[in-house]
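So that you can see what the record holds, here are the features copied from TrEMBL:
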| type | residues | note |
| --- | --- | --- |
| COMPBIAS | 1-11 | compositional bias 'Basic and acidic residues' |
| REGION | 1-48 | region 'Disordered' |
| COMPBIAS | 26-48 | compositional bias 'Basic and acidic residues' |
| DOMAIN | 124-202 | domain 'DAMP1 SANT/Myb-like' |
| DOMAIN | 243-401 | domain 'DNA methyltransferase 1-associated 1' |
| COMPBIAS | 258-267 | compositional bias 'Basic and acidic residues' |
| REGION | 258-305 | region 'Disordered' |
| REGION | 405-468 | region 'Disordered' |
| COMPBIAS | 406-422 | compositional bias 'Low complexity' |
Amino acid sequence: MATGADVRDILELGGPEGDAASGTISKKDIINPDKKKSKKSSETLTFKRPEGMHREVYALLYSDKKDAPPLLPSDTGQGYRTVKAKLGSKKVRPWKWMPFTNPARKDGAMFFHWRRAAEEGKDYPFARFNKTVQVPVYSEQEYQLYLHDDAWTKAETDHLFDLSRRFDLRFVVIHDRYDHQQFKKRSVEDLKERYYHICAKLANVRAVPGTDLKIPVFDAGHERRRKEQLERLYNRTPEQVAEEEYLLQELRKIEARKKEREKRSQDLQKLITAADTTAEQRRTERKAPKKKLPQKKEAEKPAVPETAGIKFPDFKSAGVTLRSQRMKLPSSVGQKKIKALEQMLLELGVELSPTPTEELVHMFNELRSDLVLLYELKQACANCEYELQMLRHRHEALARAGVLGGPATPASGPAPASAEPAVPDPGLGPDPTKDTIIDVVGAPLTPNSRKRRESASSSSSVKKAKKP
């Protein structure tokens, strides 16, 4: 059951001072008999919440009685800097249903809308958005001196400028409203060319000497060609669209093959350069005397490309290392090259793990590097031979089909797989001869791709032979 002390504690009201003097035992005295009683001054120290500040905000600033509250502004009479709106303190501003006219309209039309009574008689607020194009005006004398044209009469020119003012240089609308019965039939480009030609002439005549002019220029011929090209593009047939997409795909294939051919030629050139450099280095080491070889070995060592053979790591760090670690192949060598290297070493009768003396380690690493270089050169040579053979077959096939300009020659004997002339069929998509012509640029060829093409062509020839 709550006592009066509990109620005063909840309401943060000071209790009677007679509790301590009367000697009554409280709960704190029973639980903590050894602790000293808190000072009365700290309990009675209270701060009044400033006027205008919410209770929640004041609780954030001053949440307990141990710390003093922060400094507060001295001027607390007005509360917040921006006083809240006090509804009902002023009279409501009256609104009135009043007429108005839009200055942008020349017909004097009258409209009505709600507006405050204090704004009665003021201009329409949205009239400032009425932006008009400044169309130049010319006199009779200026027309006769500078603007005369045999293809245009003055009445027709006046009609053009009148429509330009009415429709703000919207030439499509001007062309639609143009009086083609009274005057000669003109296109949109003709109207634009005449208008901008007169504007440029008037700007040159009326310009002050020494000022920079911004003369509008309109190229009617370019505009006509642009529209003609756009019309041709729009009137394409589905067959023409499909042919264009096919040609674009073939162009991308040609570019990809060209890049790949250039990359392969660069790799081949690197291999050839590495082989020549290695041979020159060996020749130089043989000619050099043995005593001076260790001194000049580091200085005369040429820069060998990274793709040449194997690049073994150098163990120059401090500490003890095994000489057999220098014989370990780096991780950059693939498994295919490792197997080929082991096969070549077995064919030469060389042990795969010889005794790691200083001289044997050096010679064994050089031997494996040369073998890997030889393996890469053989691969590049085989790829070039396959590519040359396939290009020769395609050339013969095109020569028999008469695509290269000469008469078609019948094939004597069984033709190779790629030598069959492609007969265009309108119902089977794009013309196969186009694909054959474009492939002459040089497709990436491998032995597997050659076998697949030969098998596919042989199966197609068998199907043709079975047909009646």
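Cβ atoms are placed via backbone N, Cα and C, with glycine included.
Automatic prediction, not curation, is the source of TrEMBL annotations.
Per-residue pLDDT, averaged over the domain 'DNA methyltransferase 1-associated 1' (243-401), rounds to 77. Residue counts for the domain 'DAMP1 SANT/Myb-like' (124-202) under DSSP, split into helix (H, G, I), strand (E, B) and coil, are 48 helix, 2 strand, 29 coil. Across the compositional bias 'Basic and acidic residues' (258-267), DSSP classifies residues as 10 helix, 0 strand, 0 coil. Secondary structure by DSSP for the compositional bias 'Basic and acidic residues' (1-11): 7 helix, 0 strand, 4 coil.
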